[in-house]
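Undergrad: According to TrEMBL, the record shows the following:
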SIGNAL    1-18  signal peptide
DOMAIN    15-121  domain 'Cadherin'
DOMAIN    122-230  domain 'Cadherin'
DOMAIN    231-335  domain 'Cadherin'
DOMAIN    336-440  domain 'Cadherin'
DOMAIN    441-550  domain 'Cadherin'
DOMAIN    564-667  domain 'Cadherin'
TRANSMEM  679-701  transmembrane segment
Amino acid sequence: RAVALILVLCVSGRRAETARYSVPEEGERGSFVANIAKDLGLTGEELLARHARLVPEGEKQYLELNLRTGDLVVREQMDREELCGQSEPCLMRFEVLLESPLQSFRAEVRLTDINDNSPVFSNKEIVLKIPESAMLGTRFLLESAHDPDVGNNSLQHYSISSNEHFHVYTQQRNDGGRYAELVLDRALDREQQPEVAFSITAVDGGTPPRSGTALIRVVVLDINDNIPVFTQTLYKVSVIENSSQDTLVVIVSASDLDAGTNGEIVYSIFQNSEENLQTFKINPETGQIRLKKPLDYEEKKTYEIDVQATDGGGLSTHCKVEVQVKDVNDNAPEVIITSLTSTLSEAAPPNTVVALFNVRDRDSGDNGRTTCELTGEQPFRITLLAADAYALATSETLDREQVEEYNVTVRARDKGSPALSAWKTLLVRLLDVNDNAPTFTQAIYTMVMSENEPAGRSLGRLSATDPDAGENARVRYALVPPPAGSLAVASFVSVDAESGTVRSLRPLDYEKVRAFEVTVRAADGGSPPLSAQAVLRVVVRGENDNAPVLLHPAPDSSAAGELVPRWAPSGYLVAKVVAVDADAGQNAWLSYELAKATEPGLFRVGLHSGEVRTARAVTERDAARQRLIVLVRDRGQPSRSATATLAVALVDDFSDAFYQLGHDPASGQQPQAAEEELLTTYLIASLCGVSSLFLLSILVWTASTLCKTRVQAELPPPLPSCYADGDFASDGVGVGSTGILSPAYGYEKYLTSGSGRSEFHFLRPILP
């Protein structure tokens with residue numbers, strides 16, 4: 001798994017020397033190899049605390065480290081022949097990585113050979129054809145046995161069973177391999193013994209030694225006095241690795257002085273190596289040696305081939321072909337990641353180690369020398385720790401909000417011609433740090449709510465964003481408590497903590513609260529959290545929830561009585577209806593209209609002033625008692641209204657005012673019983689007075705008539721207006737929002753309907 005701890009390059013290090021250990025092959029699982037902790041000068045607790053681990057050079061892990069004891073033990077049984085073949089030494093390389101601080105130690109375990117394989121002949125029966133004329137001391141090459149073990153455990157010598165004609169001589173090749181030569185000790189005689197048979201034994205040097213046997217049959221031939229002779233006993237050639245199949249390696253040539261079939265030569269590769277037979281082939285007639293498969297310098301650098309030439313008489317000779325494999329730049333470098341931090345905090349300082357890796361090239365010389373670099377412009381750099389060991393570290397500060405992740409491509413290039421390259425891409429994701437506060441989309445939010453709007457209604461939504469990620473970007477909203485002693489506006493609205501939705505908490509009255517402001521905070525979920533504030537302004541929209549209220553006439557009174565003289569001209573001010581509306585705006589704009597009247601054409605009402613005036617001059621034909629219903633309406637939607645009822649008496653003189661006002665022509669109802677009784681009493685008293693003062697009454701009537709005639713001739717019509725017109729506003733009534741008549745409005749009334757009793761007195765006008 002990736003190293004989860006941020007490593008700083010300046011404290012990292014690599015131990016230059018390599019620790020070397022050895023372990024026999026085929027060791028059981030858990031077998032002890034060495035104590036790593038002791039060699040590193042650490043305790044088991046320190047290994048555990050520093051998260052020590054092994055990083056093998058190959059893909060498979062054959063060893064493991066016990067973090068409690070510090071012992072290096074076998075994890076999986078290893079077969080040296082399978083892992084390394086004939087290569088010696090067989091090394092298992094690995095690195096020990098320690099954290100806090102970062103340290104790397106190179107080590108290698110040599111896999112020592114045990115004698116677990118016996119020599120084996122590829123053919124259990126070896127047939128040799130030797131002419132009877134063969135000279136004493138003649139050597140005959142025998143097929144070699146194969147032992148996959150190495151060192152002393154490999155094949156060491158050959159022996160043959162007792163016979164009269166031959167002994168065996170063990171030879172060693174340049175590569176260390178051993179082969180057998182059969183030496184003739186006694187002349188052969190086909191006529192006496194046409195065939196000689198004996199066994200050959202190949203013995204290795206193990207303890208105890210292992211061996212393998214085969215049967216040798218020597219067929220004695222009739223005399224063929226000339227054997228083939230190669231032009232060279234040793235052929236040295238070089239072949240470029242990766243040469244294609246059937247590439248010509250060399251042509252061997254032999255000649256035979258005999259004639260006929262005894263001079264015909266057949267070439268073959270002597271079976272002294274299974275690998276040679278799988279790699280090379282020879283044309284038996286021409287002696288051309290070609291490749292069966294491409295060669296690989298990294299697997300084997302030199303081949304020794306034994307070629308045999310046999311004539312038609314059965315005589316044979318042999319030569320050696322030494323093939324040197326030339327290296328070409330056919331292996332691209334390999335980038336091997338030994339440690340990777342796949343997630344990195346954006347707050348990581350420069351020089352923070354992200355990955356450790358090795359670069360390996362199987363070629364040799366300049367073809368195997370490598371360089372390493374990064375592609376593209378990114379905030380990382382590569383530092384060389386040791387030979388072919390590198391560290392990838394940050395070169396500058398990081399910001400996840402700008403770049404969330406990096407695909408870092410490491411390119412390794414060798415110095416061959418042409419150069420080969422390899423790329424390795426590392427994905428590094430940045431972990432978020434709470435370094436950004438939320439940001440509102442607006443500094444001031446304005447929302448509108450209607451008055452009397454029920455609680456829970458959504459007014460709008462606040463929005464704040466945070467460029468961080470995860471909990472650091474999770475924004476929660478809240479109202480900032482207002483200062484002590486201020487209006488508790490926080491009880492008017494609420495803000496949903498998750499969505500930012502603003503809702504009303506209770507209905508508001510526009511006439512009391514027309515607008516208010518609250519401060520809203522948006523905080524993220526980081527630790528510590530960061531926040532921002534915005535102003536929320538809520539404007540209350542007035543609704544038409546108040547009907548007009550009548551100030552005059554009073555709404556709790558019966559029809560208000562007004563007196564109009566019969567001689568009143570058009571435009572005569574009869575009364576003024578005064579009303580107020582507690583709403584605001586157009587909801588408080590009042591208009592007046594005449595809804596109903598006894599004589600609809602006689603009166604009119606000012607649309608905005610509420611003044612009731614005569615629409616024409618009063619005539620004698622008009623009914624003495626008029627009933628008017630004035631409708632007061634506001635301009636809300638829907639509109640609200642109120643009505644005022646006026647009782648108007650048309651009088652010739654103010655003396656009959658009570659009588660006129662006591663009867664309502666519109667209602668058709670009679671005066672109440674108490675008033676009738678009182679009137680009867682007055683009538684009886686009047687009759688008594690008339691009877692006793694009849695003559696005096698005639699005189700008073702005569703004087704009154706003369707006086708009235710004189711006044712009408714010399715003065716304008718009496719009481720042209722019973723109201724002080726100049727004291728009223730011409731178009732309307734000034735009313736404050738409190739519902740109280742403005743002090744600037746004066747209304748003087750000289751005669752009311754409440755004076756219809758005997759204590760009402762007519763005042764005699766003062767004549768000029």
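In case you wondered, yes, glycine gets a Cβ from its N, Cα and C as well.
Describe the structural context of each listed feature in the structure shown, including burial, neighbouring residues and relevant distances.
TA: Mean model confidence of the domain 'Cadherin' (231-335) amounts to 90 (pLDDT, 0 to 100 scale).
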Undergrad: DSSP says what for the domain 'Cadherin' (231-335): how many helix, strand, coil residues?
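TA: Helix (H, G, I), strand (E, B), coil: 10 helix, 48 strand, 47 coil.
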Undergrad: List the helix, strand and coil residue totals of the domain 'Cadherin' (122-230) as derived from DSSP.
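TA: Looking at the domain 'Cadherin' (122-230) with DSSP, the answer is 3 helix, 55 strand, 51 coil.
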Undergrad: Using DSSP, how many residues in the domain 'Cadherin' (564-667) fall into helix, strand and coil?
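TA: Helix/strand/coil tally for the domain 'Cadherin' (564-667): 12 helix, 45 strand, 47 coil.
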